[in-house]
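Engineer: Handing you this structure, nothing more for now.
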Amino acid sequence: MSGGGTRKGGRRLLAALAAGLLVAVAALSYVASQSGSGTDGYGSGKTELIVSAAASLKESLEALKTRFEDEHPDIRLTFNYGSSGALQKQIEQGAPADLFLSAGMQQIEALREQSLIEDSVTLLGNELVVVVPKDAGALQSITKLSDLTLDDYRVIAVGQPETVPAGQYAKEALVAAGIWNDVEDRLVFAKDVRQALTYAETGNADAALVYATDAAASSRSFVALRVDGSLHSPIAYPAALLAESAHPDEAAVFYRFLQSAEASELFAQFGFRPAA
C-alpha cells in the first residue's frame, strides 16, 4: 500500500515538474521572440534605445527625446542618468546601453581602452560657476574664487572628483587658485552635480561649484561667480556609440541626430555651448 502511494506521489511530482517546465519554456520562447523582434517588449513595435547620460544633461535630453521620437516613431529612447563615473562602471560591468553621453573625456577614454567604444564625438561645452542659496544675500558677494576661504563659507559642495567630472573641474580650479588646502575640510562631496546643486538650494551648503546649465535650471540658487575657464581643463561632453549596443543601426540614427543643427539649437536653449 505504501509502495503504491509512493509511485502515485512520484507520478504527481513528475507531472508537476513537467508542467512547470512547459511554463518555463513558453516564457523563454516569449522573451526570445521579443528579443528577436528588436522591440521594447511592450508590444509597441518600437526599438528601445538605452542611453546612459550625465545628470547635467537631463532637461535638455528630455526635450530632445520628444523631438527625436516625433521624427522617428519606430524608436523609443530610455535614459539612465547618473554621474559619468558611475555610468562608466555600469557599462564596464555589462549593463545594457546603446549610447553614452558623458560630462568628461576621461570616462570615454577608459571605455575605449577596453574596446567598449565604437565611435565618439565631442558634442558640447559648458561653464563652471559658484552658486549660493537664493535667499542668502550675504553669500552672494563673491568676486573671486579665493573668497570661498572666508568664514561665511563653512560648507562647500562639489561633485566627487574621482567619479563626477564637475567635481574634477572644481578640484582643478580650487588647486589652480591656490586654495584647495584651505577649503578641503569644508568640502562635502556629492554623488553627481545635481546633488551638489541641491545642497546649495536647500541651504545645506553655503556654496556649490556646478555647471552653468544646472544653475540656469534652478530657481532656488543664485550664480555668485563664473569660474575662470583657464583654471581647469576644458569642459567637454562627448557622445559615444557603444560597441555592445543591442541595436547598432538605430543607435547610429540617434548618434547622428545628436550632431545635427536641430539638436545643437535645442542644447543651446538650455545653456550648453558648442564643442570647442
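Cβ from N, Cα, C; glycine included.
Those TrEMBL annotations? Automatic predictions, nothing curated.
For reference, TrEMBL lists these features for the protein:
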type    : residues                             : note
BINDING : SER56, SER84, ALA166, VAL193, TYR211 : molybdate binding site
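Are these features on the surface or tucked inside, and what are their neighbours?
Structural biologist: Note on VAL193 (molybdate binding site): other Cβ atoms within 10 Å of its Cβ, all shown chains, come to 31.
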Engineer: Suppose the molybdate site is SER56, SER84, ALA166, VAL193, TYR211. Which further residues of the same chain have a Cβ inside 8 angstroms of that site's Cβ centroid?
Structural biologist: ALA54, ALA55, SER83, ALA103, ASN126, GLY159, VAL164, PRO165, ASP192, ARG194, VAL210, ASP214
Engineer: Might you list, by sequence position, any residue in that chain lying six or more from ALA166 (molybdate binding site) with a Cβ less than 8 Å away from its Cβ?
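Structural biologist: Looking at Cβ-Cβ distances below 8 Å from ALA166 (molybdate binding site), excluding near sequence neighbours, one finds SER56, ALA103, LEU128, VAL158, GLY159, ASP192, VAL193, ALA196, LEU209, VAL210, TYR211.
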